[in-house]
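For reference, the structure is listed below as C-alpha cells.
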Amino acid sequence: MIDTTTMSYILPSAECDLNLSNVDKGILNAVVFGGMTSGALFWGFLSDTLGRRKLLLACYCLLASITIASSFSQTFWSLGLFKFLGGFVACGPNAIFLAYLSEFNSCRHRSRTMMAVGIYASLAVAALPALAWLLIPQTWSWTLLGGYITYNSWRVFLTMSAIPSFLTGCCICFFDESPKFLMSCGRRDEALRVFQRVYSINTGNPPETYPVKSLLKEKSGVLTSAAPDERLSTLLKLGIKQMKPFLHKPYIGMAGIVLIIQFGGQWGMNTIRLWLPQLFAIMEEYFIVNKSMSGNVTMCDILTSHTGPKTAFNETIVVTDKPCVPVQSGDTVYIYSIIVGIVTAVFNLMASSVISNLGKKKILIAGYVLSCCCVVPMYWSNSMEGLLILASLFVGSGSMCFNALMSVVVDLFPTSLRTMAVSVTVMTGRVGALLGNITFPVFLEISCLVPFLFLGSIMFVCSSLAFLLPRTNGKALE
C-alpha cells in the first residue's frame with residue numbers, strides 16, 4: 001500500500017522540481033502497477049522453487065533500497081524507472097506473504113487472519129499521510145555533488161517511507177520457512193522442527209513435547225521435483241494447463257464477469273485514491289488565495305484555473321514567464337487523507353462483521369451502487385468538506401468491494417484453480433489501476449466532466465454485473 005501511494009503525496013511538491021505535466025503525474029501514479037503486473041509470473045516461479053522466507057527477506061530489503069534510491073531522482077524518467085522497479089519487486093512480497101501467512105494458519109483461523117491483513121492495509125492509507133504531514137511541509141533543502149543533486153523534504157519523505165519495508169525484512173529473519181513448502185520439497189525433518197517451534201511459542205512447552213513425532217511423506221509437486229534447468233519450462237507448461245479450464249464451461253462465464261468487475265472496480269477506486277491528495281491540495285490552495293470565492297466555484301472550476309509549470313493562478317489560464325510555484329499543501333490535505341484512510345478501514349471492518357449474514361453478492365451490489373452515486377457528484381462539489389465525504393465513501397466502498405470480490409473468487413473456483421484464479425484477478429485489477437491513472441488527466445484535458453461520468457459508468461456496470469454472480473456459500477462451481 002505504501003509503495004503504490006507515496007507518489008500521491010509528493011506530486012504537488014515535486015511538480016516544479018521535476019517539471020511535471022498532469023500526464024506525467026498520471027504516469028508516475030500508474031507505473032508502479034505496471035511493475036507489479038510484469039513481475040507476477042517471475043515471483044510466482046521463484047516462490048515455488050526457492051521458498052517463501054528467503055524471497056520475503058530479499059524482496060523487502062531490496063524494496064527498501066530501491067525506495068531510498070528513488071529519493072535521489074532528479075528527473076521524471078529516473079523517478080519513473082525506480083517506481084517501476086519498486087512495483088516489480090513489491091509484487092513479490094505482496095503475493096508471497098499471503099501464501100506464507102495462510103500456510104501458518106489452520107482453516108479455522110485463516111479467514112479471520114486474511115481479513116486482519118485487509119484492515120491493516122487500510123490503516124496504511126491513514127498512516128502514510130501522517131508521515132507526509134510531518135515531513136513534506138518542511139523547508140529542508142540540500143545540494144549534493146556540487147549541485148548535481150538537490151535533496152529536499154519530499155525526498156526525505158520517500159526515504160522514510162522505506163522504513164516499513166526495511167523493518168519487515170528484519171522481522172522476517174526471526175521467522176521460519178513455510179512448513180507446507182518444506183513438506184512439498186520432501187524436507188520433513190525441517191518441517192517438523194518448524195511445527196515444534198510454533199507449538200512451543202504458542203503453549204510455552206518445550207519443543208520436544210510436541211505430540212506429533214513424524215510427518216507423512218507428501219507427494220512432491222511437479223515443479224519442486226523438476227531439475228533446476230527444467231523448472232521454467234515446467235512452470236510455463238503448468239501455467240498453460242491451469243489456464244485451459246478458464247476457457248471452458250462452467251468457469252469461463254463467471255471468470256469473465258469477475259475479471260470485468262475487478263478491472264472496472266480497481267480502475268475507479270485506485271484512480272480517485274491516488275489523485276485525491278492532488279485534488280485536495282489544489283482546492284485548498286485555491287480557497288486560500290481566493291477566500292471570497294469559497295462556495296461559489298466547483299472543483300472543476302478550480303481544476304480549470306489550476307496553475308501548471310507556466311501558468312498563473314487566476315480564474316482563467318494565463319501564460320507567464322514567472323518561475324514555477326508548486327502547490328502548497330496545508331494541514332487540511334493530510335488531515336483529510338488520514339480521514340479517508342480511517343473511513344476505508346471502518347468499511348472493511350463493518351463488511352467483515354456482516355459478510356456472513358448479508359452475503360458477498362449484496363455487499364458487492366451495494367458497494368458499487370454507492371461508488372457510482374459518489375463519484376459523479378464530485379464534479380459539482382464546491383468545498384473540500386463535500387469532496388472529503390464523497391471521496392471517503394467512494395474509496396471505502398471500493399476497498400470493501402475488492403475484498404468481497406476476492407472472497408467470491410476463492411469460493412467460485414475449486415482448489416486446483418484457486419491460486420491461478422486469484423492471481424489472474426489481482427493482475428487484472430492492477431492493469432485497470434494503471435490505465436485509470438494514465439487516462440484520468442487525459443480525460444480532464446478533454447472536459448472536467450468526462451472522467452467523473454466515465455468512472456460513474458464503470459461503477460454502474462460493475463454493480464450490474466454483480467447481479468449475475470451466483471450465491472456461493474463456500475461452494476465452488478461444478
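In case you wondered, yes, glycine gets a Cβ from its N, Cα and C as well.
Where the annotation comes from TrEMBL, it is an automatic prediction and has not been curated.
Record features (TrEMBL):
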DOMAIN    1-474  domain 'Major facilitator superfamily (MFS) profile'
TRANSMEM  27-46  transmembrane segment
TRANSMEM  55-73  transmembrane segment
TRANSMEM  79-101  transmembrane segment
TRANSMEM  113-136  transmembrane segment
TRANSMEM  156-175  transmembrane segment
TRANSMEM  251-269  transmembrane segment
TRANSMEM  333-351  transmembrane segment
TRANSMEM  363-380  transmembrane segment
TRANSMEM  386-410  transmembrane segment
TRANSMEM  422-443  transmembrane segment
TRANSMEM  449-469  transmembrane segment
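Sequence-remote contacts of a segment are chain residues at least 6 beyond its ends whose Cβ falls under 8 Å from one of its Cβ atoms, and for the transmembrane segment (55-73) they are 3, 6, 18, 43, 46-47, 79, 82-83, 85-86, 89-90, 92-93, 96-97, 100, 149, 151, 155-156, 158-159, 161-163, 165-166, 168-169, 172-173. Within the model, the domain 'Major facilitator superfamily (MFS) profile' (1-474) carries an average pLDDT of 81. At the 8 Å Cβ cutoff, the transmembrane segment (333-351) and the transmembrane segment (113-136) share at least 3 close pairs (sequence separation 6 or more) and count as touching. Note on the transmembrane segment (449-469): residues 254, 257-258, 260-261, 264-265, 267-268, 271-272, 300, 360-361, 364-365, 368-369, 371-372, 375-376, 378-379, 401, 408, 436, 439-440, 443 of its chain, located 6 or more positions outside it, place their CB under 8 angstroms from a CB of the stretch.
Across 27-46, 79-101, 251-269, 422-443, stretch 251-269 shows the highest tally of CB pairs under 8 A with the transmembrane segment (363-380).
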